[in-house]
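A quick write-up on the structure given underneath.
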Amino acid sequence: MLCASQASTTTLCSTMDQTSQPSSSSSATIRLGGRAIDRHNPIIRDGRRLTPPPSPNLNPSSSSSSTYHTPLMTRLGLESSEQKRLAKRKSKKGDSDVGKSPVSCFSSDTPQGSSRYLLSNPVFFDGFVDSDPIPIPIDEPEITKADDLNNFHEDRLIINASKYLSTSASFLEKKQPDFFEGFLDYEPVLSPDNPFSEPTKASPTASLSSLEDKDVSSPDFKFSPPPPPPPSPPQSSPPSPPEKNSSSDQVVVLRVSLHCKGCAGKVKKHLSKLKGVTSYNIDFAAKKVTVTGDVTPLTVLASISKVKNAQFWPEIIQK
């Protein structure tokens, strides 16, 4: 490049010298092993960078969260739109969590006119308490002697009995007079003045009190004992069986064909089982069988005919 004048040539040379000077200094710093630090840079002169370094006794987490490790974009306030969006979401989520937690109702950040503050007031729920108030115990006087202790228990029993009687009396007064009419399980009592009057219903307590008022030792008082129980009917003795008359026994004589002693044994065995027979006699030689007992001739004949041939003895006339 050719210059038109000497002045322009000198100006060009001076500018080249100025540009070469910082390059030489930078090359010198590069040779020394680092970049030159500009002490007048506003980032270096920031107040947060001038804070003293953390002491070695602090936790490593606090040292890691110090401003020395803060990104450059955050320190310059040049956060990206994505980071701002995430921060807004976190803040909204934190607000919703704070609204749900019971501790947030009592936070000082809630204004006094808001509904959240009014709902968090514990006095708001005083009207909805449905439990009975706890009675305050009354200090009873100390009892030292045994007599005082007995008197104290008697007084308490009298008070309890009076309360019970008052409640029962008030209950009966509220009911109608014929409330217990269907529950009466006793008979009506006649009036003592007029025994022929209509029977009037009286309570058992009233009849008992009327008996107590009368003097048992007075001659007018008559006590009627309960009637004796009716006599039991005499036990009837069982009828005695009729005595057997010996004259009622009948004698039956039969002619039986007996061939041997075996035939006689069969007849004897059969007669022993016959009902009503008291005695019998077998004459083997004459072939004669005599039966005595409460039997009829036809019954004996029919029974023996089952074993052997038999017929009535000719001398006996059938009755």
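Every residue gets a Cβ built from N, Cα and C, even glycine.
Per Swiss-Prot, these features apply:
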type	residues	note
BINDING	Cys260, Cys263	Zn(2+) binding site
COMPBIAS	1-13	compositional bias 'Polar residues'
COMPBIAS	14-27	compositional bias 'Low complexity'
COMPBIAS	36-49	compositional bias 'Basic and acidic residues'
COMPBIAS	58-67	compositional bias 'Low complexity'
COMPBIAS	104-113	compositional bias 'Polar residues'
COMPBIAS	200-210	compositional bias 'Polar residues'
COMPBIAS	224-242	compositional bias 'Pro residues'
DOMAIN	249-315	domain 'HMA'
REGION	1-113	region 'Disordered'
REGION	191-248	region 'Disordered'
Notebook entry, point to check: When you measure from the Cβ of Cys263 (Zn(2+) binding site), how many other Cβ atoms are you left with inside 10 Å?
Noted result: 17
Check: With DSSP, how much of the domain 'HMA' (249-315) is helix, how much strand and how much coil, in residues?
Finding: 21 helix, 23 strand, 23 coil
Next item on the list: Would you count the other CB atoms within 10 A of the CB of Cys260 (Zn(2+) binding site), including those on all shown protein chains?
Entry: 8
